[in-house]
Protein chains: 2
Amino acid sequence: MSEQQTVAVIGLGIMGGPMAANLVRAGFTVTGYNRSPQKVERLVEAGGRGAGSVAEAVAEADVIITMLPDSPDVEAVVTGDEGLIAHARSGAIWVDASTIRPDVAVALAEQARAAGLRALDAPVSGGEQGAIDAALSIMVGGEQADFDEVRPVLEAVGKTIVLVGPSGSGQTVKAANQLIVAGTIGLVAEALVFLQAYDVDTDAAIQVLAGGLAGNRILDRKATAMVAGEFTPGFRIDLHHKDLGIVTSAAREAGVAIPLGALTAQLVGATRALGHGDLDHSALMLLIQQLSGRTPR
Amino acid sequence: MSEQQTVAVIGLGIMGGPMAANLVRAGFTVTGYNRSPQKVERLVEAGGRGAGSVAEAVAEADVIITMLPDSPDVEAVVTGDEGLIAHARSGAIWVDASTIRPDVAVALAEQARAAGLRALDAPVSGGEQGAIDAALSIMVGGEQADFDEVRPVLEAVGKTIVLVGPSGSGQTVKAANQLIVAGTIGLVAEALVFLQAYDVDTDAAIQVLAGGLAGNRILDRKATAMVAGEFTPGFRIDLHHKDLGIVTSAAREAGVAIPLGALTAQLVGATRALGHGDLDHSALMLLIQQLSGRTPR
């Protein structure tokens, strides 16, 4: 396949919008669809084409990317009379970049294959900035041949692009990713509140913690903002809460004990219950401060 | 101070031994003491001087480094008729590189100051390899002037060297460090067992997880060995169990909630109860596998 191939992008939000724009920039012919027409308009201004329906967007596409909030949204777009499966060309590759349940990913991929399409689950990590910078990490589940064929498309939006196993595996790795990210935010929040309680210089502490075996991306990118009480998203608590539902349910299904993951899910749920669902996931800090009787600085 | 200053090192074990050797290599006059004379002999072979007692080791020293397993060991060496305080020269700087309770660190530093010494708590992170490579992270609590004076000595054994606050603050940051490290090992272990249960390619998954917001030093340095079931220490479960006792107790004292830290302490304690106390702290993986009915690969 050459860069002349036609790509459809369904879902032009915080992540899908910049991904579609980067595909245009890389030389692909991109047709976009979104429920709110303003977002389609933005893609057209960036040099893409607009479509009025899923059916219209996918009709001519070699590769179809979906980037939607949750499992039911993906099911709605993919199945049914007006859906992707009904209207995509035979042999087209459907790439689901959404974060959804691994079992739903497997079931939808099977439906798509039965209808003559090919399917990859390809959830991403890296957030809005990663999407804008075309620097996403992409964890892909599906067939090697389909992965190889769609690789130039993924390289236009991501940096670390890895085939991790058969259909559903991308979602499984994304679930593991979300467990580690939320848990690490929790650990860093506990460490910071502990250091604040002992009047330690948190800037100096973050520096030395980041230099040793405790080092992680949350310390590098979020700890200073957490101390300052700045929680502009980024990735919202509401969405991370959804993702922790996916990982706890998938772990339960497989009979795997994730005691720290399960507690993290409870803590993120409690942060949401306190009314912080629209803040960045690092706002887990606010819960730990409240549980410790400490007001944010 | 010049590199002609005399340094005493009390405790020449896995950490103290290579630290003393690196001080010799950097041009310091180093006198070492250890309960087992073989370790003193090794320092003498490396160009240091041996002492037959704490009193003898510290008598001529400008800087005295202690590197001992736990709070009671440090108390025993520092206080009493045969101790460091009784025999060190007035104005000498005592640097405790051990990981001990912050409240004990504060109390002992006060005793040392009352006797005319100066005192810094300076626990380290980076393990045996960091000690050998003179690449330790060192988190220091105490006075700025004492920190500045002892800095050349610390630079001979460490790389990231940060004054984080008054006496005890070094131990407080080390406690936070140990909370994050053990918690991260737990999160990575849960993620890996989850991925194994779904037959995901763990090597590929580790690569893509390490590239995104989930990235951390445990994924970089230990995850592959955890999958392979290799748990040669490194840093032993027994010692991390001790350190998690310090952080849970210090958090409780300060009224800080550390739900993930407390659960991690329980999990590390259970790993120890299963008989894995002598394995590397990454052997927390064995507990998660056992809780999930999965035998190690």
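Cβ from N, Cα, C; glycine included.
What TrEMBL lists as domain '6-phosphogluconate dehydrogenase NADP-binding' is A:6-165. Among the features that TrEMBL reports, domain '3-hydroxyisobutyrate dehydrogenase-like NAD-binding' is placed at A:168-285. TrEMBL lists A:LYS174 with the feature active site.
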Tell me the Cβ neighbour count for A:LYS174 (active site), meaning other Cβ atoms within 10 Å of its Cβ, over all protein chains shown. 32
Its residues classified by DSSP, the domain '3-hydroxyisobutyrate dehydrogenase-like NAD-binding' (A:168-285) shows 90 helix, 3 strand, 25 coil
Which whole number is the mean pLDDT over the domain '6-phosphogluconate dehydrogenase NADP-binding' (A:6-165)? 97
